[in-house]
Amino acid sequence: MATLKPPESQLLKTLTSILTSEKTHFLETLNPYIPQITQPLLTSLLSSPSLAKKPETLVSFFQWAQTSIPEAFPSDSPLPLISVVRSLLSHHKFADAKSLLVSYIRTSDASLSLCNSLLHPNLHLSPPPSKALFDIALSAYLHEGKPHVALQIFQKMIRLKLKPNLLTCNTLLIGLVRYPSSFSISSAREVFDDMVKIGVSLNVQTFNVLVNGYCLEGKLEDALGMLERMVSEFKVNPDNVTYNTILKAMSKKGRLSDLKELLLDMKKNGLVPNRVTYNNLVYGYCKLGSLKEAFQIVELMKQTNVLPDLCTYNILINGLCNAGSMREGLELMDAMKSLKLQPDVVTYNTLIDGCFELGLSLEARKLMEQMENDGVKANQVTHNISLKWLCKEEKREAVTRKVKELVDMHGFSPDIVTYHTLIKAYLKVGDLSGALEMMREMGQKGIKMNTITLNTILDALCKERKLDEAHNLLNSAHKRGFIVDEVTYGTLIMGFFREEKVEKALEMWDEMKKVKITPTVSTFNSLIGGLCHHGKTELAMEKFDELAESGLLPDDSTFNSIILGYCKEGRVEKAFEFYNESIKHSFKPDNYTCNILLNGLCKEGMTEKALNFFNTLIEEREVDTVTYNTMISAFCKDKKLKEAYDLLSEMEEKGLEPDRFTYNSFISLLMEDGKLSETDELLKKFSGKFGSMKRDLQVETEKNPATSESKEELNTEAIAYSDVIDELCSRGRLKEHSRSYTS
């Protein structure tokens, strides 16, 4: 406390006497003394033990002084405030103390002077801050949405070995999890670890906050790990909130088998599923398109006296709309009304969007009118739906007019969804610069880009081969606190593979794991497929093993990528080993898989083995044109024309239509052997099919592993025709044949 001069000491006694008197209008008595009240005198008054015994008087005097003698309050010093707060805390006036701190933080703490005074107390702040002062300041910063500042105070308490109370800790965890930063969850985890070290007794809310944080970031494995720890290590029983949080995250990811297992675990722990639990199940089934099962869950709800609510019906209607069942969706809305459940804006938005999705613009407009008639006010989502469908109809000028109309007439403020819609519209017409301009405009307006928009821009940059820009955008996303996910990294991994930058793709994979983003099967498939395509199948197998160890189940794409990788490397025996082993683990190969293997055998000149495998296939399954084409091509390369013709007849008997690849195999062989008359006949037969085949070129190319490996192979038909034309020209018969090709 500052030392006062003798006159000031006497004045201090006088003012203290006035303030501690029983007079009701004591503040008016102070007015004549205003010119004499200096900053040191004010600090001494606020710290007076006599005045501290009267907290209400102290607060009244403090507020009077702030208005009457503002010059006595230094802008960079919260010491007068701290003096008042100490007094309030000593009398357990916690709400009043917090209110004063919140007001100060809101209006006078731009430079974080309060926080700095607590973190670095000097001689003027005596005694040092107490645990109660730290607690209440931490709580005030959280109230004002500044968990990063509150975290510094918490860390100071830990260094001083002051144990924060549980409520303070849980409030800090909630603030961090809600704060939009890429470091929020890791910071929350550090707070949790400090709570454990310092001996704070944890409760179920502590764990629920962390579980929610992990789920928000898509880190389901970490959430499940926390669930296991709370029971086994900390002996804290999870509640419905714990389970429902994880169930919701699982349902969003479509992990229905895991969801069922967790539901069983929930019941084992004596918890009864509530409406939120059932709604998560309904959502999970709808997400997978299993509408029958979703409706069965609703029936189960009714049987267990848990009535479906508006949320339940909205989930079902959304599921029906996603399945294109608009009539059933509209009927379900009518059923809601009969149950006295009034459709809300979510119900209408879902149905309106569903109608637009199916091209039912008129019905969508009618629903908008019905919505207005029912007194349901259109919201931001409704407007964004309208804009989205204008964009899909490629009416960008109409979109611009619509946005202006909504802003002028309805107070509409473009949000992240609006900008995402506009960005997609620009990208749809190939205007990447326009999309990037929209992204910059978002930043200028302080609208934070969400993960979906970020991924959309990254995908466009990768497709435009602007990988450096894409990588820079990812790095800036981390720095600016954007949430990235496995799709973000998967997009860049695919982009680098497309540009033959295998090492960069692997770096992205390692970085994804470093920031603790859990890859999905799709992400693994991107990596495995890319490695196999670039001749690194053994490394792909390591990633395949990693996938299995992570608890994920490989899908058909995973197995086919490995098989194709081995075949491309000429290691057909290894491909068959993997194929046979995969079948033991529930892999069900389709025609695509079998065609890869058959083509692998043929490419390596193993025609006899290929024929044996082919015969096995036609006995066990309905093969397709590609299967026959592969075998016909092998026979033609071996100059076994009769066997090739036999297969051609066989496939036609089975109703399989020969295509350009079928005939190309024959033409190549016939031309090589100089059999022009047979070539003539085949070309005439082929010319009638040429028109339809031309339209199917892209589809056939994508389907046929035997002919889709390089640009050179894609041009085999053109080469064959060129050879035919050269030969005909040399014999003077081009005019005659050109008539047959164009007739």
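Note: Cβ is positioned from N, Cα and C throughout, glycine not excepted.
Among residues of the same chain six or more beyond the repeat 'PPR 1' (130-164), those with a C-beta under 8 A of the stretch's C-beta atoms are 82, 85-86, 89, 94, 97-98, 101-102, 105-106, 112, 114-115, 118-119, 171-172, 174-176, 178-179, 181, 184, 187, 191, 194-195, 197-200. Here Swiss-Prot flags 130-164 as repeat 'PPR 1'.
With a threshold of 8 Å between CB atoms, the same-chain residues lying at least 6 positions outside the repeat 'PPR 2' (165-202) that come near it are 135, 138-139, 142, 145, 147-148, 150-151, 154-155, 158, 209-210, 212-214, 216-217, 219, 230, 234, 236, 448, 477-478, 481-484. Feature annotation from Swiss-Prot assigns repeat 'PPR 2' to 165-202.
Mapped onto DSSP classes, the repeat 'PPR 3' (203-233) shows 26 helix, 0 strand, 5 coil. Residues or ranges marked as repeat 'PPR 3' by Swiss-Prot: 203-233.
Summarising the annotation, Swiss-Prot assigns repeat 'PPR 5' to 274-308. Taken through DSSP, the repeat 'PPR 5' (274-308) splits into 26 helix, 0 strand, 9 coil.
Look at Swiss-Prot and you will find 309-343 tagged as repeat 'PPR 6'. Here the repeat 'PPR 6' (309-343) has Cβ contacts under 8 Å with residues 275, 278-279, 282-283, 285-287, 289, 291, 294-295, 298, 301, 350-351, 353-355, 357-358, 360, 363, 374, 376 of the same chain, all six or more residues outside its ends.
Tertiary proximity for the repeat 'PPR 7' (344-378) is limited to same-chain residues at least six positions away from its ends with a CB under 8 Å from its CB atoms, namely 310, 313-314, 317-318, 320-322, 324, 326, 329-330, 333, 336, 385, 388-389, 392, 410. Under the heading repeat 'PPR 7', Swiss-Prot lists 344-378.
Residues annotated as repeat 'PPR 8' in Swiss-Prot: 379-414.
Residues 180, 380-381, 383-384, 387-388, 391-392, 394, 396, 399, 403, 456-457, 460-461, 464, 477, 480-482 of the same chain lie 6 or more positions beyond the ends of the repeat 'PPR 9' (415-449) yet place their CB under 8 Å from a CB of it. Marked as repeat 'PPR 9' by Swiss-Prot: 415-449.
Here Swiss-Prot flags 450-484 as repeat 'PPR 10'. For the repeat 'PPR 10' (450-484), the predicted model reports an average pLDDT of 86.
Note on the repeat 'PPR 14' (590-620): DSSP counts are 27 helix, 0 strand, 4 coil. Taken from Swiss-Prot, the feature repeat 'PPR 14' covers 590-620.
The repeat 'PPR 15' annotation in Swiss-Prot covers 624-658.
Among the features that Swiss-Prot reports, repeat 'PPR 16' is placed at 659-689.
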Across the repeat 'PPR 1' (130-164), DSSP yields 26 helix, 0 strand, 9 coil
